[in-house]
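The signal peptide annotation in TrEMBL covers 1-23. As annotated by TrEMBL, domain 'Peptidase S8/S53' applies to 135-509. Residues or ranges marked as active site, charge relay system by TrEMBL: Asp144, His184, Ser473. According to TrEMBL, the feature domain 'PA' maps to 345-411.
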Amino acid sequence: MSKVTLSFLVIILSCLVSIHTFAFTYPEKPPIPEENGNEKQAIILVVEENKREQIRIQIQKQYPNVILGKEYNEVFSGFSFTGLKKDLHRIQNLEGVLSATPVSTYKNHIEESVPFIGGEDVRRLFDQKNTRLSGEGVKVGVIDTGVDYRHPDLRKNYKGGYDVIDEDGDPMETKANDGTATLHGTHVAGIIAANGKIKGVAPEADIIAYRALGPGGFGTSEQVIAAIEKAIEDRVDIINLSLGNSVNGPDWPTSLALNKAVEKGIVAVTSSGNSGPDVWTVGSPGTASKAISVGASTPPLKMPYLQLHSSSRQIKLTQMQGAKAWNLTNSEQIEFAKLGESSQIGESVKDKIVLMERGKIPFTEKVLNAQKAGAKAVLIYNNVKGVFAGGIEVPANIPAASITKNDGEWIKHQLSKKPSVRTIYKKEEDMLADFSSRGPVTVTWDIKPDVVAPGVAIDSTVPNGYMALQGTSMAAPHAAGVCALIKQAHPEWKPQQIKAALMNSSKPLIKESHKLYRTIEQGAGRIDSMKAVQTDLLIYPGSLAFGQFQSNASRTSKKVKLTIENHSNTREKVRFIMPERKKGLQWKLPKAFSIEANQTIQVEIMADITPSVLKGGLHEGWLDIEVSGANRKIPYLFVVDEPDYPRVMGFEFALGDKPNSYKYQLYFPGGADEMGIALYDPDSLRFVTYLDWGRMISRGVYEKELNVLNSKIEPGTYKAIVFAKKGKQEDFLEADIFLEAK
């Protein structure tokens, strides 16, 4: 294996380096500042196993100020170290070092949802020992914020665990007196195996809790990998990771660690992320090829939509967690209250819906300000493109919901007509959640997510009670619970067989337009626990990635092997249905055949591709396979040319959710060798400073928050150039930025 260059992620929000600004005018810019070698950083080092001890001793002897953190033996041979960047940069060149990666940050991303996927019906079935299918005897490791093991619905299932943060055997959720309290892991554990007032998918499975995310639900790749190590040592059957970052890459250490866990016999289930609805937004560890990556769909719900009486436009509401459910039934009036500060909300909002823009103060403060003034409900519209699923930290007695920026600004412009508004409730199910991250995975072009599961308005356990939450974090434990049921029914099955049963039995979802969602949005479809445990003819892999083709290449054939296993006691007939012919794509599929009971065979699927007659980009679809008269769909994907995406896209800059803060995000589809946000005086067009800069930026979404008071940047209006370099290509975006401090 060749050495991988150490990826230093240099994020500096204040410009401490002196630059001769008079020499540069818009759009020229100076070189980005050199990195500070005396800054501290943490890295994960992967080393050759036979040189492991030698490298550790050498580092500790030559670099006494470099501190050893975690040691990894199960997922790979390596360590985490913290030290000065200049020392870490030298360490990467030691003989036997295979790769060095900066430690990244991770965040935690039912009553109707469990029956909806067949979770109640499946309990009528029995395993090989004539015991009802309930997850009994299956050990599920929950790598998360910890678990409130005293909860009455969980205490019977809790069988121990480990706290990676505090390095002890008590993986309790963070309490308020120890920092920002958490509840995420308890909610996840309840979806998997609650057994009390509510029932999880596998209510008699054993829960082994690993606290890898600390106060506020934040943790690092160093801690997450350590938790995976511990789960392997504890020989759990399944691990659930409802967490992630924005790095869309198959080779990120957490993704590699998860693949290693699967190789050691553990079924690994992870959330795909909450950065949708754009493509390429799936993040690690949801990019792990051998893990089961889960996106979010809707269980049966009555979804609220707003409609102004003067218009046919219907605006979808995303209910905010922690607020009262949206339950308005009469015609109402709306009043705009700017950012929702107390000084901006007058007596006139009484008994009205208050419209606010996101930003400047927390959601909790906005909603409580409106409640105090007697408002009937709160609508918060986004200040950047897209949807968001916010939450409030203090329970509110009035409903609150979020809407898009486009919808919010449209309502605001209608208010001069003093329109009344009504709420329409639509029954929805099996729709893909807007926030659910989409694939594919960069470099490998794998289809992710693998499946989807309910992840909207999911009721489950939290410390001291129950709460409805949403996100792919809630979808993943539904899949983990179903995997526990499959494991109980087939204890001898390996992870790839359990993954195949889950994918082969899933239901492909259809949009309102009556067309299938894309493969890179839903994978094989929405999971079905009843069908999954009864599936006895397995076809894997459950999705087909044919890789990348260059548009100037000649006609090329690419083969993928499918394994087909018949675990039934009867012969099964298998027939591949030839897809509709497309220009530039032909298929060579196996002829119809029979597979005997308990027989395994391999067949080849060949895609004959002429790239020169195909458009560049993603080409995807479904192969239909008839198994004894029943239809199955296997998703496929291939790429012509590397997608011609710019090196940087999607720059959004808006008020943050705290006083004097601003948030911004960028998307780097292929990562960047170098990036920066250069600020210029709008009148003289002279370069002023860099808002941000960095080198060796990872693939994926890049998000930061700026506090104006803590930065060296003066408040005011600036012209900005956002740029990224990758190889010989450099791309630019232009924007106007306003910074204010109070």
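Glycine is treated like the rest: Cβ placed from N, Cα and C.
Unlike curated records, TrEMBL annotations are generated automatically.
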Which number gives the other C-beta atoms within 10 angstroms of the C-beta of His184 (active site, charge relay system), all protein chains shown included?
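That number is 25.
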In the domain 'PA' (345-411), how many residues does DSSP call helix, how many strand, and how many coil?
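Counts, helix then strand then coil: 20 helix, 16 strand, 31 coil.
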Quick one: what's DSSP say for His184 (active site, charge relay system), helix, strand or coil?
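In three-state terms, His184 (active site, charge relay system) counts as helix.
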Measure from the CA atom of His184 (active site, charge relay system) to the CA atom of Asp144 (active site, charge relay system) and give the result in Å, rounded to a whole number.
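If we compare the Cα positions of Asp144 (active site, charge relay system) and His184 (active site, charge relay system), the gap is 7 Å.
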Measure the Cβ-based neighbour count of Ser473 (active site, charge relay system), defined as the other Cβ atoms within 10 Å of its Cβ.
31
Give the distance between the Cα atoms of His184 (active site, charge relay system) and Ser473 (active site, charge relay system), rounded to the nearest whole Å.
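Between the Cα atoms of His184 (active site, charge relay system) and Ser473 (active site, charge relay system), the distance comes to 9 Å.
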Just to be sure I understand the packing, how many Cβ atoms besides its own are within 10 Å of the Cβ of Asp144 (active site, charge relay system)?
31
According to DSSP, which of helix, strand or coil covers Asp144 (active site, charge relay system)?
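Strand, per DSSP.
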